[in-house]
Amino acid sequence: MGRRKKMVERVTTLMNDPQRIRNIGIVAHIDHGKTTLSDNLLAGAGMISKELAGKQLFMDSDEEEQARGITIDSSNVSMVHTFDNEDYLINLIDTPGHVDFGGDVTRAMRAVDGAVVVVDAVEGTMPQTETVLRQALREHVRPVLFVNKVDRLINELQVDSQEMQIRLGKVIDHVNKLIKNMNPEKFKAGWKVDAAAGTVAFGSALYNWAISVPMMKKTGVSFKDVYDYCKAGDMKSLAEKCPLHEAVLDMVIHFLPNPIEAQKGRVKVIWHGDENTEIGKAMTHANAEGDLAFMVTDISVDPHAGEVATGRLFSGSLTRGMEVFTSGSARKSRVQQVGIFMGPERLEVDKIPAGNIAAVTGLKEAIVGSTVTTLDGMTPFESIRHVSEPVVTVAVEAKHTKDLPKLIEVLRQVAKEDPTLQITLDEETGEHLMAGMGELHLEVIAHRIERDKNVEITTSKPIVVYRETIKKKTEPIEGKSPNRHNRFYIYAEPLDTEIVSAIKEGEVSMNLPELERRQKLIDLGMEKEEAKGIVGIFNSNIFIDMTKGIQYLNETMELVLDGFEEVMRAGPLTREPVANVKCVLVDAKLHEDAIHRGPAQIIPAARQAIQAGMLMAEDSLLEPYQKVFVQVPQLLMGGATKELQGRRGIILNMTTEGDLAIIEARVPVAEMFGFAGEIRSATEGRAMWSTEFGGFDVVPSSILNDIVGQIRERKGLKKELPKASDFLSM
């Protein structure tokens, strides 16, 4: 207990000195060794025993994670490392590498200032490496590089000392190429990774050794020595001379920014308020005496303490009993406990100052992305944007009817813990639908519901999530209210792809100041009058009011937008969500008496005009795609390409590396079910493959009617396809 008590004391002392804090994430492609690295860093810092490190998977504290051997959630831990005779506090988050859990990476990146990017020396940079690096740079998180599994390069691939250095150089060049393409300004500002400068370390997380140029100078161990030790299989001596935690954590402390340095540049990226206000200045300087500004990046459930909100404290200090506001809620909450993480355990402390990662209970209203503050009316932080969208759905039912109320509560909880999961109730069938990033994501959530929440459930076969869209512009369509006293004239047309991208990237939203939003849209090619008339943005669809001087329209616009949102949630063709549509209101006739233009009149009138307009504009479907990357011996390449093309896949690129072929393809998600088994048999089990979200594309007309028919049948809709007149005669 003595050692642990001492550790807690060191952590709580250092919390108060932002110069000596580093908030970092560890990111990588699946199986490149993040969690093993995290565990050995903890062992080096005296948090877990050295013998267990790497096997204990301390950070994978969830049974599901240990059974599957992958990290599913992000884990937090605080530890102390001594560098140049000074103690430093390192708050570390280990993130998942599997594409289905990319949402966790996005959220973790909001909490940290620096990232250790782990790349397997044998496999090199992989698709998920690119994705996590892009997420880090988008959040202005500075990267350093750790090239892992160097021993495999020497012992499995039998490369000589010179070839080893060439291959490691290639990995560094590729990572720099990615940084340069994704963020040229940061690259110019010195964010590239450079072995000579010390921002790259090489080693083996499993065997607990690592080397970097500063480390070589310190220990006198050269690349040649590393090669000889690995060849001789003497990893133990190497680990004694060049301990992993020393090389990596020294690099982190020396090159990654402390909260004060980081927040100077990061605050303006993640917060769009006025930097010259008191709260703006407090956040830019990580001022512990300022108003509280805390961003929630994760919510978990503790069986004893209830909901625990973890996040980054940008200004002010968190103390027990303080009253706070949560964005999106008018009610105040009272903070019950504040604490920090030590692996999966939460340690209570009295006070946590700005610049730290904190865990708080008592914030009933908070969800992931919430801004928690003591300042009423504070501009909230930018919402956290996820790189992928949910593309696969399953229907969930309780096995025993008595569990239904519990299931509803559990689904609400699960959706709160994992914002990349979408839970909806199908009003017509009464089923609960769970949409996620992929098959594995939904499997894990289903297991978790049964295991942690003790509710037995049955799930349907996975169903693909489609989007409805349109192909051409229509004339204005008249929508009449049921009492015939109100009329709206609305036309629909496809929204430009540049504008759709800007909405998805968060560059255009209703939260932006109006003039800034207008200018952005004009720059993207929208006409000035249209940009001025935008009154609603929902998902990737917009509603524009081009009318002039219509009486009572102001007070009914909210209801018109309700009608618009209803259609965008469930389009007329298949009741699937709508994407990339622009609806324009050109005229309206409204009854002068407010009683005759209530919700029951206005919403249906707007809804019908938009539904009919979409059907006249050639309503069509978009289907989700996945990019698939397959590594396979060249001799078996034919089997792999045949398997991909047989699934309506398009081969985008083929390259060779040694005797391996690397195939990059784009395949519809609908065709990807059962792919794992089939690709194994097509390549004698020798293919390595991974996927990432590949966007949406129009369903080929040859199969459109079949798919529409299947969706309508599944949802219990009429077999015959709807016509515009069905909506206008209502």
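Glycine is no exception: its Cβ is also placed from the backbone N, Cα and C atoms.
In sequence order, Ala121, Met164, Leu168, Phe202, Gly203, Ser204, Val226, Cys230 are the residues near Val150 (GTP binding site), counting only same-chain partners six or more apart with C-beta under 8 A. Per Swiss-Prot, GTP binding site is recorded for 28-35, 94-98, 148-151.
As annotated by Swiss-Prot, domain 'tr-type G' applies to 19-228.
Using a 10 Å radius centred on the Cβ of His596 (diphthamide) and all shown protein chains, the other Cβ atoms total 15. Swiss-Prot lists His596 with the feature diphthamide, giving sequence analysis as the kind of evidence.
When the Cα atoms are compared, Ala28 (GTP binding site) and His596 (diphthamide) turn out to be 59 Å apart. Other Cβ atoms within 10 Å of the Cβ of Ala28 (GTP binding site), summed over all protein chains shown, number 30. For the recorded site, Ala28 (GTP binding site), the DSSP three-state label reads strand.
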